[in-house]
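The domain 'PLAT' annotation in TrEMBL covers 2-118. Annotation comment: TrEMBL describes 17, 79, 80 as Ca(2+) 1 binding site. Look at TrEMBL and you will find 39 tagged as Ca(2+) 2 binding site. Residues annotated as site 'Essential for stabilizing binding to COTL1' in TrEMBL: 103. Annotated domain 'Lipoxygenase' per TrEMBL: 118-564, 565-617, in sequence order. Under the heading Fe cation binding site, TrEMBL lists 368, 373, 551, 617.
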């Protein structure tokens, strides 16, 4: 009788193992096997991190194995199990891999296909077509869209983390990590015993240093020592945590009536302000988005305020950015003066502090929350709803949306909800942050997520004119590496543009993003469909870059871009493409490390060895 060797790998995360009964059935082209209990006498099967092998003998020839069915039945109490993969050695000596990387909960079952990626057109056998359709039907019931707030991108229909499908919930380790990080952040910011200082007027600039007591590294220490200086202020617009607002000023706005006479002490080229503009030496950061946003009023004993500044910057002879004029609100007038470096020291410093405060609000709510977290969640929900696990695009993207929906759900529970952290410690809390996202949605376009286009649209693309914009330089390197990789993968599975256009699951995925994520707004520029391999490669680059590199640039780095510990792809050409991708990223790491040598203020946020795969890893 034919005999198969079945190897089963259990996950290594907390509580991944199980004591429940595990049954296996094989479905082949010539027949189906009976259920087989996978159990070794006097052995504790399916322990956390274990790789167990079993001999399964069947009565008849099964032909080519098409599906593997895994059932879990209660032993004593329900005991969830995380199955990484199954491999099958056939009676003929062939090996077949069945990736899973999913939880089996309760008295549940999972039906797995072999690991070869397949488009819908590749499935000609009825049982495989049926499996594909049933998987999507089940997922679309689990992953439902919901409007958390009017005007927001739609999010997952879940009130709290425990309502999420088990496969996208935090692992126990990650959940604990989130709680610990949240608590650590509160401790670092002295939210409890330091709150009085936040909610009252500060009497001394030395109070700022208290914020840095427990946030100590080379960069923060240098910023603490030099934060009052104009050079540091200008540098942060290029390479700080929000390097996406500064743009070349091509015409002085009427709402900022600054003159040459006002700023001539800052101009180094003996040119008028208008001539400096013409030569491309003037840059602007406009916080118009904040104009009219309601300041936090959740505490009746605390008055909080918001500004909507306009800041003019100058590229000096050393090619460094320095501020030369600041207006704190949008409408000029006697009560809204223009502050200048020639003003009294603390007048100018306070003006810069207001700009930095406004920059913080836009960074947290728009650059970080909306344009990385919420956008990545849209891609993730659409992926789960419209792409089966066997689809090559699902296999490509799943690592880049890992835990994204979970961390956003936690944020809606604890951070941006009513009475959450935003309300307690943020001047845009109490609804202002919601207004900001609603306004920022008008400028959330597909082109603005295409890194090279976004840089060019702000007039910041010239490396010769603006030589110290490391966010741009490193970002372009990473963008091109991702674009090359996605083009390789697309080329493996789509031999022509027509195959792209004829892939119904891909088109449903793209349409879901447009209709639900972007609320069907034509002005967003998000495609409703994709017709060519080149456009598909660009689209996938947007998804991956947004979730990994862009988030790293405006947040932090933990895990590493290009590392795929879950082996959803088994095909050699894709593994070779991954190897080339990692090699390209390693080269970028070396280039950035060499650039950073001996720099007093190194920029490494976009070094691939510091870029997490997703916004939550």
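Think of each number as a place in line: the chain as shown, counted from 1.
Any Cβ shown, glycine's included, is placed from N, Cα and C.
Remember, predicted model here, so these are calculated numbers, not experimental data.
Known features from TrEMBL, placed on the structure.
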{"residue": "17", "record": "Ca(2+) 1 binding site", "contacts (Cβ under 8 Å, 6+ apart)": "10, 46, 47, 48, 49, 50, 81"}
{"residue": "39", "record": "Ca(2+) 2 binding site", "contacts (Cβ under 8 Å, 6+ apart)": "21, 22, 45"}
{"residue": "79", "record": "Ca(2+) 1 binding site", "contacts (Cβ under 8 Å, 6+ apart)": "18, 19, 20"}
{"residue": "80", "record": "Ca(2+) 1 binding site", "contacts (Cβ under 8 Å, 6+ apart)": "15, 18, 103, 104, 105, 106, 166"}
{"residue": "368", "record": "Fe cation binding site", "contacts (Cβ under 8 Å, 6+ apart)": "551, 554, 555"}
{"residue": "373", "record": "Fe cation binding site", "contacts (Cβ under 8 Å, 6+ apart)": "404, 407, 408, 411, 551, 615"}
Mean of pLDDT values spanning the domain 'Lipoxygenase' (565-617): 87
Other CB atoms, at most 10 A from the CB of residue 551 (Fe cation binding site): 27
Chain-mates of 17, 79, 80 with C-beta within 8 Å of site centroid, Ca(2+) 1: 15, 16, 18, 19, 20, 46, 81, 82
Helix, strand and coil totals (DSSP H, G, I; E, B; other) for the domain 'Lipoxygenase' (565-617): 28 helix, 0 strand, 25 coil
All-chain count of other Cβ atoms within 10 Å of residue 103 (site 'Essential for stabilizing binding to COTL1'): 21
Helix-strand-coil residue split for the domain 'PLAT' (2-118), DSSP-based: 0 helix, 60 strand, 57 coil
